[in-house]
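Written out below as structure tokens is the structure these notes cover.
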Amino acid sequence: MVMLADALVKRMIEVGALKFGDFVLSSGKRSRVYVDVKLASTFPDILEMISEGMAAKLKDLEFDRIACVELGGVPIAVALSLKMKKPLVIFRKEKKDYGIKGDRIGEVKEGEKVVVVEDVITTGSSALSAARRVEESGASVAAIIAVVDREESGRNFMSLLKLSDLIEAHDSIQPTES
């Protein structure tokens, strides 16, 4: 698993998924570092590493379905669904008022155990919102897992990488000024 995490960090840095500047995160917080997992997940090899890493972390967990919130979690949840042969549900950020008018694509059945997938966790509010929606459907949350945990939530979420891992790796491959 360590080799996979190292390879994932390296590739995310290579494709420019670790950005430095002044950013406003979805939580509203400001940050000097932005982890663009959405960009990273457009590369098939990275998406495969993510799904392999998550599948390895979840292999001993009993669950029935994978859930995510649009947009960032979708490619990750789809890849994990294919890898683990589990159905998935995608929660919309907002209920649509046209077509089927639903707040989700797919279903959650009463009594199911569901894994919630996220791209990046900052405060955890998006993941916890998805978890609430799972529970409101009569199912239970088996786990919440993210590609990157920014380590700002005060909670111990399951993740493949911590923000500090990415920054440390980035700093170790940057030339130092004399």
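In case you wondered, yes, glycine gets a Cβ from its N, Cα and C as well.
Taken straight from Swiss-Prot:
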- Arg92, Lys93, Lys96, Glu118, Asp119, Val120, Ile121, Thr122, Thr123, Gly124, Ser125, Ser126: 5-phospho-alpha-D-ribose 1-diphosphate binding site (BINDING)
- Thr122, Arg150: orotate binding site (BINDING)
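Sequence features annotated in Swiss-Prot and their locations in the structure.
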residue: Arg92; record: 5-phospho-alpha-D-ribose 1-diphosphate binding site; contacts (Cβ under 8 Å, 6+ apart): Val69, Glu70, Gly102, Asp103, Arg104, Ile105
residue: Asp119; record: 5-phospho-alpha-D-ribose 1-diphosphate binding site; contacts (Cβ under 8 Å, 6+ apart): Val37, Lys38, Ser41, Gly72, Gly73, Ile76, Ala146, Val147, Val148
residue: Ile121; record: 5-phospho-alpha-D-ribose 1-diphosphate binding site; contacts (Cβ under 8 Å, 6+ apart): Ala127, Ile144, Ala146, Val148, Asp149, Arg150, Ser153, Phe157, Ser159
residue: Thr122; record: orotate binding site; contacts (Cβ under 8 Å, 6+ apart): Leu25, Ser26, Ser27, Lys29, Arg150, Glu152, Ser153
residue: Thr123; record: 5-phospho-alpha-D-ribose 1-diphosphate binding site; contacts (Cβ under 8 Å, 6+ apart): Ser27, Lys29, Glu152, Ser153
residue: Ser125; record: 5-phospho-alpha-D-ribose 1-diphosphate binding site; contacts (Cβ under 8 Å, 6+ apart): Ser27
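In the three-state DSSP classification, Ser125 (5-phospho-alpha-D-ribose 1-diphosphate binding site) falls within a helix. Its Cβ taken as reference, Arg150 (orotate binding site) is surrounded by 23 other Cβ atoms within 10 Å in the chains shown.
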